[in-house]
Structure formats: C-alpha cells, structure tokens
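Read through the structure below, which is laid out as structure tokens, and then see the notes.
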C-alpha cells in the first residue's frame with residue numbers, strides 16, 4: 001500500500017517536472033523573438049495609421065497642390081486614404097500566397113529572418129515619404145509591409161506549432177495573438193500627441209518598425225530550426241535531435257525523435273501537398289472548411305473595422321476630440337489583457353469554448369452597441385455604454401477568435417499539408433481584411449448606426465457553425481483530431497491495421513502516419529501549385 005502511494009506520488013511529481021520542462025528558456029526566447037519581429041508588426045501596422053490620419057491627409061493634399069496647382073477634391077482624398085489603409089491587406093494576400101515555397105526552401109525560422117528585408121524596406125519608404133514629398137512612397141511601403149505581414153502570419157504559427165510540445169501547443173500558439181495585441185497597443189501609445197502624434201513627427205511612427213526587425217535578426221538566427229521540418233522535410237536527424245534538446249531542455253529526446261521519424265518514414269518519398277490536392281483530399285475536407293470559416297469570421301467579425309476607424313466611432317459616441325487618443329489606449333490595453341488571459345487558460349478550457357463563447361459574446365455586445373449608438377442623443381449616459389460595448393467586443397474577440405484560428409490551422413493538418421493549409425487560411429484572412437477596410441466606410445455611411453448588425457450576424461453564423469462542427473483539439477495528436485472529423489469526412493479509420501502488433505499499442509505518431517497513408521490510398525503527392 002505504501003509502495004503504491006509512493007509510486008503515485010512519484011508519478012505526480014514526474015508529471016509536474018515534465019510540465020515545467022516543457023517551457024524551456026530557448027522555447028520562450030524563440031516564441032517571443034519570433035512574435036516580436038512578426039505578429040507584433042502586423043498589429044502595429046493595423047493601428048499606426050489611425051493617430052496621424054489628419055496629418056497624412058494634409059500631406060496628401062499639399063503634395064497634390066504642389067504638383068498640379070490645385071487642391072485635391074474630397075472624394076479623391078477619401079479614395080487615396082482608403083487605398084492607403086486597405087492596400088496593406090493586398091500586400092498581405094501576396095505574402096500569404098508566396099509563403100509556401102519560401103518555408104519549404106528556407107525553413108520556418110529562416111523565412112522569419114529573411115522576411116525582415118520587407119519590413120526594413122517598407123519602414124524606410126514610409127518614414128522618408130514626407131521628406132521626399134511623395135505619398136506614393138507611403139502607399140508602396142504599406143503594400144510591402146503587408147507582404148511582410150502575410151508571410152509572418154503563416155510562417156510564425158507554423159514555427160510555433162512545430163517547436164512546441166502538444167501539452168502547451170495552444171498556449172504557445174496564442175503568443176501570435178498576444179503580440180498582435182501588444183503591437184496594436186504600442187501603435188496607439190506612440191501615436192499620442194506627446195510622442196509621435198504630431199504633424200512634424202508622424203514619419204517616426206513608421207521608422208520605428210525597424211527596431212523589432214533588427215532585434216529579431218540579431219537573436220533568431222542563433223536558435224534552432226523547427227525539428228519537425230528538419231526531420232520530415234530535410235531528413236537531418238542529428239540537427240533535429242539538437243533542436244529537440246534545445247527546445248525541450250533535456251538530453252534524452254529519443255522518444256520525441258522516434259515519434260516524428262515514424263511520420264518521416266511514410267513521407268520520405270512524398271512532396272508537399274498542393275492547394276488543389278488538399279482541397280480534393282476527402283480526409284481533411286471539413287478541416288479545410290472549418291479553417292476557411294474561422295479565418296473568414298476572424299476578419300469579418302468587425303474588429304478590424306473598429307481598429308481602422310476607432311476615432312470616428314468614438315466621435316460618433318460623443319467623445320471630445322482631444323480625449324479620443326487617450327480613450328483609444330484603453331482598447332489596446334483591454335485587447336492585450338484579454339489575449340494574455342486566453343493564453344493562460346486555453347490548455348485548461350480548450351479551444352472550442354473560448355472560440356464559440358467569444359463569437360457569442362460579440363453578438364450580444366454588437367446588438368447593445370447598435371441600440372446605444374442609435375439612441376445616444378436622447379440619453380446623456382449612452383455614449384459611455386457605447387465605449388463599454390466597444391471594449392467588451394474587443395475583449396470577447398481576443399479571448400477566443402483573436403488567436404485560436406491560427407492554432408487550429410496548425411493542429412488540423414499533418415506536415416506535408418500544413419503549408420498549403422496556411423496558404424488557404426492566409427488567402428481567406430487577407431481577402432476578408434481588404435474587404436472590411438475598403439467597404440466599412442460605405443457600409444457605415446449607408447446603414448449608419450445599424451452597420452454593426454452586419455458583423456453581429458457574421459459572428460452568430462460563425463458561432464453556430466463551430467458549435468455543430470468543431471471538435472476539441474486540446475492535447476490531441478493529428479491522428480486523434482482526424483478521428484474526430486472522420487465520420488463527417490466519411491472516411492473509415494482502419495484501426496486494426498494501425499494496431500497490427502498483438503498486445504502492443506502503437507505510438508500516436510505511428511497511428512498518425514498509418515492513418516495518413518490509409519486516407520491517401522497510397523497516392524503519391526505531387527509538387528506545389
């Protein structure tokens with residue numbers, strides 16, 4: 001009895017030690033450095049154009065008048081500004097499309113490092129546009145910065161999902177969302193009138209982009225490449241072992257290497273799956289649909305509309321113009337706190353309740369916001385309710401929908417399918433981003449205070465779909481997640497073949513590999529489209 005209790009105590013102690021070892025110093029540094037030079041810049045560029053909007057429009061008008069001898073008309077100026085804001089998403093779409101061959105050839109880590117060329121080039125163009133008297137430089141810089149964001153928002157989640165143990169895969173994946181929020185908040189802080197939010201200083205807002213890029217370039221090259229990439233795509237066992245040892249913080253990584261090698265033995269003669277091949281694969285059909293729905297809702301749920309046009313929304317809510325920059329700071333702070341909270345609880349609560357609950361709460365607060373904006377002129381305290389609703393919408397988004405779509409894209413697919421899956425997710429993401437940035441001013445002009453009901457309907461549709469389709473993926477292997485989708489995909493899992501060794505249960509990685517080969521019917525995958 002005493003031995004049994006002692007044994008149970010040792011098991012609990014071993015689990016606690018293992019959980020602590022999951023968070024090694026190298027793993028933390030890799031995730032923080034990778035995110036700081038990648039998703040941080042995406043969030044920063046979402047909010048950085050908000051504060052200096054008046055000064056940038058004035059710069060556009062003065063440049064136009066100097067060239068053509070007359071002031072630009074209001075409609076042309078509005079069009080130029082809309083292009084400046086929304087063209088960031090076009091660059092993002094380009095980045096999402098080209099990321100697959102880049103991560104295949106250079107690897108996940110090297111892609112993140114090389115991507116800083118786009119960030120530095122964009123920063124120089126945008127920060128020098130006022131000095132050169134060329135608003136085209138600012139617009140071109142926004143496109144190039146979008147390319148950087150499109151690449152990083154695919155390569156970073158891919159890298160994080162492949163270097164993290166499954167026990168903390170969700171928490172580490174949320175680092176992407178947390179740094180997006182920190183980037184948004186930093187853009188708001190630097191845009192204050194006391195810092196760079198002045199007519200003579202707004203170019204420094206764009207020049208500051210260089211700092212995170214340089215930090216990433218100085219640190220990330222000294223950290224290992226993704227061990228799964230090294231094993232499954234480069235077939236370099238020795239480097240993969242060293243990478244596992246560095247990220248896991250232990251010397252004996254034979255178990256981890258053997259698990260991934262099982263998948264490597266199946267995929268050794270298999271090239272990356274193309275987008276068309278992925279779309280034609282019945283075994284991942286509902287995974288692809290779910291990624292499209294979650295990524296579409298991620299952008300179309302209305303949060304980017306709030307970021308792009310925060311000042312206008314607060315102005316409509318009756319907030320004094322001089323106070324708006326400081327009130328806007330509260331949105332960035334709430335977003336950051338909510339994202340950190342999500343990262344702390346995702347491995348306890350799971351992906352499903354956070355994602356569905358987040359969209360559900362957004363429906364409620366969008367409805368209340370619509371009522372408060374409609375009636376705010378009749379009741380003096382309603383503008384404050386509008387502000388509360390905006391903060392609540394932001395918090396609801398960041399608790400679940402703000403980061404989990406990136407985590408799910410990494411969890412749904414095996415190694416050979418993952419780049420194509422991220423390309424699909426990125427394409428949907430950036431097309432939706434562009435649509436919101438370009439169309440929201442017209443939607444707001446046409447529907448007035450009822451415009452947010454459109455986003456409420458999208459959130460409701462997304463929550464309903466996920467409630468009926470999305471399985472929980474917390475602490476599950478690819479094989480287990482595939483089994484959860486198997487019935488809906490109408491594929492049979494030949495479990496007897498997976499367990500053909502009598503009296504011996506095969507590892508999760510072996511089951512994952514055999515399942516992969518069975519659902520592909522032995523078909524050899526071809527190159528990238």
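Placed from the backbone N, Cα and C atoms, the Cβ positions cover glycine too.
Please treat TrEMBL annotations as automatic predictions, because they have not gone through curation.
TrEMBL lists 510-521 with the feature compositional bias 'Polar residues'. Residues annotated as domain 'Major facilitator superfamily (MFS) profile' in TrEMBL: 31-474. As annotated by TrEMBL, region 'Disordered' applies to 501-529. Positions annotated as transmembrane segment by TrEMBL: 21-42, 79-100, 112-133, 139-160, 172-190, 202-223, 288-309, 324-346, 353-375, 381-408, 420-441, 447-470.
Each of 79-100, 139-160, 172-190, 353-375, 447-470 was scored by its Cβ pairs under 8 Å to the transmembrane segment (21-42), and the highest score goes to 172-190. Counting Cβ pairs closer than 8 Å to the transmembrane segment (112-133), the top stretch among 139-160, 172-190, 202-223, 420-441, 447-470 is 202-223. Taking every listed stretch (139-160, 202-223, 324-346) in turn, the largest tally of C-beta pairs under 8 A with the transmembrane segment (420-441) is reached by 139-160. A Cβ distance under 8 Å defines the sequence-distant neighbours of the transmembrane segment (172-190), meaning residues of its chain 6+ beyond its ends; these are 27, 31-32, 34-36, 38-48, 50-51, 153, 156-157, 160-161, 163-164, 196-197, 204-205, 208, 307, 325, 328-329, 331-333, 335-336, 338-340, 342-343, 346, 398, 402-404, 406-407, 410.
Averaged across the domain 'Major facilitator superfamily (MFS) profile' (31-474), pLDDT for the predicted model comes to 88.
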